[in-house]
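K.L.:
Take a look at the following structure, please.
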Amino acid sequence: MAEQSTKSVLFVCLGNICRSPIAEAVFRKLVTDQNISENWRVDSAATSGYEIGNPPDYRGQSCMKRHGIPMSHVARQITREDFATFDYILCMDESNLRDLNRKSNQVKTCKAKIELLGSYDPQKQLIIEDPYYGNDSDFETVYQQCVRCCRAFLEKAH
């Protein structure tokens, strides 16, 4: 019975070293703080294979440390199994969404609801821009967007 009440979310971006690990860490903290972490399976992944095996970008790690949010992740690429086992796959931009929809069409047993994480933003900022070529303030912007979106998503999905 407990198995049925477990929900799952996979956060996805291009390389799985900037945006999606931040979203994953933010969401983990939210469900931990609300004592519902045992009800959620949370992970993140990349649409590409560029960064597989790498840790999150050091600027993202610094940002999370400043906010007191633990972050430990190793970049991985999304798999066919992810589409069949996650309830939600939340991505960061239109390019991610196109890639995910294309990949999901190749999976017969896709059960995941694929959406932009930004679609949950109360401030209506639909796209979470890649901060890779930016600076610390760009990572802070991503963090703030992820906090708003993850809170709203949890409210709806809980």
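The count begins at 1 with the first shown residue.
The backbone N, Cα and C atoms fix where each Cβ goes, glycine too.
Not measured: the values here are computed from a predicted model.
Pulled these from Swiss-Prot:
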MOD_RES   Ala2  N-acetylalanine
ACT_SITE  Cys13  active site, nucleophile
ACT_SITE  Arg19  active site
ACT_SITE  Asp130  active site, proton donor
MOD_RES   Tyr132  phosphotyrosine
MOD_RES   Tyr133  phosphotyrosine
K.L.:
What's the CA to CA span in angstrom from Tyr133 (phosphotyrosine) over to the residue listed as 'active site'?
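P.N.:
Distance (Cα to Cα, whole Å): 12 Å.
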K.L.:
Please classify the secondary structure at the residue listed as 'active site, nucleophile' using three-state DSSP.
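P.N.:
Going by the DSSP assignment, the residue listed as 'active site, nucleophile' falls within a strand, counted as strand.
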K.L.:
Most Cβ neighbours within 10 Å: which of the modified residues Tyr132, Tyr133 is it?
P.N.:
Tyr132
K.L.:
Between Cys13 (active site, nucleophile) and Arg19 (active site), what C-alpha distance do you get in Å?
P.N.:
6
K.L.:
Using the structure shown, find which entry in Cys13, Arg19, Asp130 (the active-site residues) has the sparsest Cβ neighbourhood within 10 Å.
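P.N.:
Ranked by other Cβ atoms within 10 Å, the active-site residues Cys13, Arg19, Asp130 bottom out at Asp130.
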